[in-house]
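First the structure, in the form of structure tokens, and then the observations on it.
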Amino acid sequence: MGCFFSKKSKRKGAQKEATPTAGDGGPSAAAEEEEEGSKQYSWDKREKVDPKDYMLTGIKDATVGRLPGKLNGQQFVIQDCENCNIYVFDHSAAVTVDDCINCRIMLGPVKGSVFFRDCKDIKCVVACQQFRTRDCKKMDVFLCCATQPIIESSTGMKFGCYQYFYPELAYHFKDAGLSIFNNNWSNIHDFTPVSGETNWSLLPEEAKVLDYVQLPDSDSEFKSIRISTELGRSIVPLTHGGRRKHSDESCLFVFFAGDYTTANARKLIDEATAKGFVLIQTKEVSMRPEDVNRVFQNNADALTELITKGPVVALELNGEGVVEACHSIAEDIFSGTKVKMACCLNCTYIM
């Protein structure tokens, strides 16, 4: 390729000395090559990328990160940082965190994987498609993960449910292709278990993000971002996960795809949890006709057509009297609206 461009350059230089004569009946060869050389290609128009904009390396005792709009779905690297507060308020393709010690890290939604390697004493808030650690020690993670999180050769790992809000976060979840309802934060797979030892556990139910990952300093570049770690404002619903259930009675709601599916699901969660019931887990999945037949049986015929409109959102709520209470809540808050409800086995309510 280098020879091609060098020859072309020489030809241009030679043709500048030979001025084309009139009466040739068309443009000269020099003009044609000049025109060819001025063509614009898509790669010529790309904005130049500085790799330094997509990494944090060798930083100590500082508050650093990226503001919304700075990554726009690119990959990001954090390495060799110590005693830092790191905030990434944007969505990205993938994130690797290597050789970091005593850092507090908040990562915006990640479309692919988040991989921590050789890190120690880390407290973080992470939303991603895949989460993995290798050779890490003592990490407290508030996690939203679409797939099963994996730890490898790691010890002292503790996990809690994601709790966070900033104004652009809902858009960043969408840009990263993540659902706020698909969260396997407590379903950890230990790739290298040791007999008689426990490498991971769950954070206490009362654990709050703010006790682990503080808000940015008031004099930092992130001071203008309106952040909240209150449970009621979290983008991701707070779920009980794999902890032991408080009751043997559970209720399953399924919201079929529609214009207000997410809003209706959040409304039901708020009403039910305000009455003391516990949200065990949530899912956003596509159902097949055979799934409808298996779950809803006698009511399947009336519901099969609804699954063609898109994925459903399912909520599992738990607590004494939850079935009757949730039926009452549904009738109260959705009264007069076009919400389809049916009942299947085990008193499951379908919205």
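Every residue, even glycine, has its Cβ placed from backbone N, Cα and C.
What you are looking at is a predicted structure, and each value in this text was computed from that prediction instead of being measured.
As recorded in TrEMBL:
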- GLY112, SER113, GLN129, GLN130, PHE131, ARG132: GTP binding site (BINDING)
- 41-193: domain 'C-CAP/cofactor C-like' (DOMAIN)
- GLY2: N-myristoyl glycine (LIPID)
- CYS3: S-palmitoyl cysteine (LIPID)
- 1-44: region 'Disordered' (REGION)
Span of the GTP site, taken as the largest CA to CA distance across GLY112, SER113, GLN129, GLN130, PHE131, ARG132 (Å, rounded to a whole number): 11
Other residues, Cβ within 8 Å of GLY112, SER113, GLN129, GLN130, PHE131, ARG132 Cβ centroid (GTP site): ALA94, VAL110, VAL114, PHE115, CYS128, CYS145, THR147
